[in-house]
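*Asks:* For reference, the structure I am asking about is given below.
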Amino acid sequence: MGSESLVHVFLVSFIGQGHVNPLLRLGKRLAAKGLLVTFCTAECVGKEMRKSNGITDEPKPVGDGFIRFEFFKDRWAEDEPMRQDLDLYLPQLELVGKEVIPEMIKKNAEQGRPVSCLINNPFIPWVCDVAESLGLPSAMLWVQSAACLAAYYHYYHGLVPFPSESDMFCDVQIPSMPLLKYDEVPSFLYPTSPYPFLRRAILGQYGNLEKPFCILMDTFQELESEIIEYMARLCPIKAVGPLFKNPKAQNAVRGDFMEADDSIIGWLDTKPKSSVVYISFGSVVYLKQEQVDEIAHGLLSSGVSFIWVMKPPHPDSGFELLVLPEGFLEKAGDRGKVVQWSPQEKILEHPSTACFVTHCGWNSTMESLTSGMPVVAFPQWGDQVTDAKYLVDEFKVGVRMCRGEAEDRVIPRDEVEKCLLEATSGSKAAEMKQNALKWKAAAEAAFSEGGSSDRNLQAFVDEVRRISASLNSKSSAVGYVKSKINGVVEYVDSKLNGKAAPVEEANTRTNGIAKVEQPKAANGKVEIAELTPINGKVEIAELKPINGKVELVES
């Protein structure tokens, strides 16, 4: 079956690496279930995705379906530094996106790939408005935990007290969740947060939350059962994670902006089981130079082997390039590797990896849990502080190295060493590993055929197919043709008494196909005479309602 014959969903992503990865993973899951998926984002990161992952213009087969890519220009210069300022960039992305996405949808329809559903991720809620304007359904992929979805929901609607200028240290009790201390609440909700633009960007989706017919989440029922069941009474959520595990798309295209250093796997192969600490703080967290120095000295003192990912900052970010202490690599020798970007999924699944020192972003959290990997929690801001609370206190797979930006301190080398040793040896490490393997088994059961997430995703796919069939039946309900002129039934431009003139008749036809061109309207209405099929086919070029009406009448 060719890709053009499949039900088509159109995914629109914000440009952040932490947004692209889960939405692309969802796209591959949907394709594996037999859909045609188009993944779309701005060209400024599209060019990096093409370069790092070998993306081409051809649809790529994934399971029973296909995935393809389209990128659009945001109309800013390639090196425009304002992309780093969300208060400036998000309005620009919305302005351009609301114009170009409908054009892309129309072009796909003209090329035989009509779109049946749009799906977006946070920061670009206007995609739901675009879908609504086109008469298409929309869905949204939430890229944080169900607990954070609930926290933002209750904050936005003022349902429970949160830290405020009058009560900075207010703990937060949300139904079906453990008590969150003030510094365990998503930090963008702090009244003193230095990132108010991120609060605005995230909460923007909540103003549009009634428009998507489904909110998909990269989590699974068994992991967050109580809060998922509670939130399901407030909004149409479906847990479909972990998305990064896809048995039908093991070698499918990735969305990394930098090419991963796969040679590191060969080095890992030479190390003993559970002996290597993996350190990565994601795609947007940049530490102070002083903190990097303390982590480096703590690593050397602990004696553990390690892989440390040190991603260089974006040239326009304003961050300085971090450097390692003098002589660090020489002292570490063959027991340490420092890389710019890594194949994280492969490292976390490798038997030589002992634990993951992580910023606790949700993508990394899901990858560690699904890989059965204990963690050392090093959250900085946003949902990371909430995820760290769950990893350590609820899922019991981690030790906490810091509490995030509210703590506002550099973690000294002796504490770094203590946490590394606690996570890699002794009874605490064994207990964490046992719990991590339990969550790995639960995650694998969830995404396996017939598991909770697989059932939820299949239900979503079935609903998209049902909607697609309904859309197709409406578009084909314009009528049937009796009259033929040179094998083509045509509407004429002339009007009689303010109505479109009747169709001329002829006795010939071509290929047994009747074609209906766009009729002209009079008095704000389009009136269509009775049409009958020829050899069971009627092809309609385009019918546009005038004043919101298309009327069918029998002749």
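For all residues, glycine too, the Cβ spot is worked out from N, Cα and C.
According to Swiss-Prot, the record shows the following:
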type	residues	note
BINDING	H19, G382	anthocyanidin binding site
ACT_SITE	H19	active site, proton acceptor
BINDING	Q344, H359, W362, N363, S364, E367, D383, Q384	UDP-alpha-D-glucose binding site
*Asks:* Provide the number of Cβ atoms within 10 Å of the Cβ of H19 (anthocyanidin binding site), excluding the reference atom itself.
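*Replies:* H19 (anthocyanidin binding site) is surrounded by 23 other Cβ atoms within 10 Å.
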*Asks:* Rank the binding-site residues N363, Q384 by the number of other Cβ atoms within 10 Å of each Cβ, and give the residue at the low end.
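*Replies:* Lowest Cβ count within 10 Å among the binding-site residues (N363, Q384) is N363.
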*Asks:* Restricting to the binding-site residues Q344, H359, S364, E367, D383, Q384, which ones have a CA within 10 Å of the CA of H19 (anthocyanidin binding site)?
*Replies:* none
*Asks:* Please state how far apart, in Å and to a whole number, the two most distant Cα atoms are among Q344, H359, W362, N363, S364, E367, D383, Q384, the recorded UDP-alpha-D-glucose-binding residues.
*Replies:* 20
*Asks:* Helix, strand or coil for D383 (UDP-alpha-D-glucose binding site)? Use DSSP.
*Replies:* coil
*Asks:* Determine, using Cα-Cα distances only, which of these binding-site residues is closest to G382 (anthocyanidin binding site): Q344, W362, N363, S364.
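*Replies:* Nearest by Cα distance to G382 (anthocyanidin binding site): W362.
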*Asks:* Helix, strand or coil at Q344 (UDP-alpha-D-glucose binding site), per DSSP?
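*Replies:* Note: Q344 (UDP-alpha-D-glucose binding site) is helical by DSSP.
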*Asks:* Counting across all protein chains present, how many other Cβ atoms fall within 10 Å of the Cβ of E367 (UDP-alpha-D-glucose binding site)?
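*Replies:* That number is 22.
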